[in-house]
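Down below is the structure, laid out as structure tokens.
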Amino acid sequence: MKIGVVAYQGSFEEHALSVKRVFDKIGKGEVIPVKRAKDLDVDGIIIPGGESTTIGQVALRLGLLDPLKEKISQGIPVLGTCAGAIMLSKEVTDAKVGKKSQPLIGVMDASVIRNYYGRQRESFEATVDLEEIEGGKERFVFIRAPAISKVWGKARALATLNDVIVMAQEDQILTTTFHPELSGTTSIHEYFLRMVKR
């Protein structure tokens, strides 16, 4: 199994370490950085947190955005965390400025509000119930986190925090508004790798 992590900025190294920890449990696998379309020969893709506008602009400039969208549309499993969730959603607004124009992959039937909880100083940790993916309650890190304000079509909420969607899935697309790679647990990565294995 080969997992690619989009590696422009953000917590891509932490995602790679989390995936390697899961590989240590379930068997062999490889994690590679994805920066260009030629790097997309993988079984699953992770789009990490960071700054969604920057990630989108760099991916567009380096010719990754359209091939990535095509690969996801063809069914490759993808995990988007925080900024990655923003990139994958069809609708994006900003908590302060409203409608946001930025390069998106836009493949998931979801609407996301950027900076829902405020800016950097409003970052926090919270306990999220992972019952929908057969997990328990775990603490996760939220950094300038977005909120998934609604899902439709085949998309469904997997976890909420104070009635706000923080994790959702549509077929092979999984998104979280929190940072599982910074939270000391591999439960989200384990679930994602089970999706890839199917």
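Glycine is no exception: its Cβ is also placed from the backbone N, Cα and C atoms.
Note that this is a predicted model, so its numbers are computed, not measured.
Mapped onto three states, the DSSP output places R114 (L-glutamine binding site) in strand. According to Swiss-Prot, the feature L-glutamine binding site maps to G50, E51, S52, R114, I143, R144, an assignment based on sequence analysis.
Secondary structure at C82 (active site, nucleophile), taken from DSSP and collapsed to helix, strand or coil, is coil. Under the heading active site, nucleophile, Swiss-Prot lists C82, citing sequence analysis as support.
Positions annotated as active site, charge relay system by Swiss-Prot, on the basis of sequence analysis: H179 (among others). Long-range Cβ neighbours of H179 (active site, charge relay system) (same chain, at least 6 residues apart, Cβ-Cβ under 8 Å): S11, E14, G49, T81, C82, F140, V141, F142, I143.
In sequence order, S11, E14, H15, L17, S18, P48, G49, T81, H189 constitute the residues six or more apart from E181 (active site, charge relay system) in its chain with CB-CB distances below 8 Å. The active site, charge relay system annotation in Swiss-Prot covers E181 (among others) and is backed by sequence analysis.
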At 10 angstroms around each C-beta, which of the binding-site residues R114, R144 has the fewest other C-beta atoms nearby? R144
Counting only residues 6+ away in sequence within the same chain, which have a CB under 8 Å from the CB of E51 (L-glutamine binding site)? Q9, G10, A83
Taking the Cβ of G50 (L-glutamine binding site) as the centre, how many other Cβ atoms fall within a 10 Å radius? 21
Determine the Cβ neighbour count for C82 (active site, nucleophile): the number of other Cβ atoms within 10 Å of its Cβ. 30
Run through the Cβ atoms and count how many others sit within 10 Å of the one on I143 (L-glutamine binding site). 21
